[in-house]
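K.L.:
The domain 'C3H1-type' annotation in TrEMBL covers 137-166, 221-249. If you look up TrEMBL, you'll see 137-166, 221-249 marked as zinc finger.
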Amino acid sequence: NSFCTLLVDRCPPAFSRVLHTLLPSTNPLSSSTNTTNTTPNMSQSRCLRKASATLVAKAHAAARAAAKAGAMPPTWARNATVRVHQPSRPGAIVLVRALRVWHVPPPTCEALHRDNNCDVDPSNAAPCCVAPTALLLCPYYELQACDTGAGECPSGSACPYVHADVRGAPEYQPHEKTAAARGAYERFAPGLRVTVVLPGHATAVVPSERLLRTRAFVGLRRAVGGCEHFVSRGFCDRGAACTFAHPLALP
């Protein structure tokens, strides 16, 4: 409709293409049926949404209680953050203060898949499939962050995306295992077998071409420390700037 056209016309070309996919007028959840098993990503996303929704609710509850008492919110509530992807910057995430998040999608998404035949292609999958390590920002709220004068999201609490004020939130270029498996990041040159010291002090010998390029020193005569965030949690917000190893697979 004319309103959607106005929003798209006021954005950079790359973001306009994203909006054509994500705005409600084109139903972001509609796609052809794919028989690929989506259970792992759905499970991770349910956990992420539930944890994020719980954190946001607790932070806001703490802030309300503090306001009633005429005090500042507790430090943990002021500092708590949620990882959020922006539609126009698929390779980046922002860490948004929980107190600046107003809506997190429900923790279950099976109904979205069942009702809309979502597939797992990242270019047209539902947000619960796309980024199991971060939630996806509602396009209307990204437009607001760009000062385009966009209105409130018409889906309200039914929106499958995060509603948050991301202005001023720190941005990172992370390494994420799901994207790494698709070849999204540069790797070290092949030819070396690198000893990686894993969290818990176990070691593994990994071919250098199975290590994402970071600032870790990869040489012949020394072991390198494995990144606890990347190995244990599946992502590292520091990405290529991390000083630890990011192994794609362990023996």
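Each Cβ is built from the backbone N, Cα and C atoms, and glycine gets one as well.
TrEMBL entries are annotated by machine, without manual review.
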K.L.:
Please count the residues of the zinc finger (137-166) that DSSP assigns to helix (H, G, I), strand (E, B) and coil.
P.N.:
10 helix, 4 strand, 16 coil
K.L.:
Counting by DSSP secondary structure, give me helix, strand and coil numbers for the zinc finger (221-249).
P.N.:
9 helix, 8 strand, 12 coil
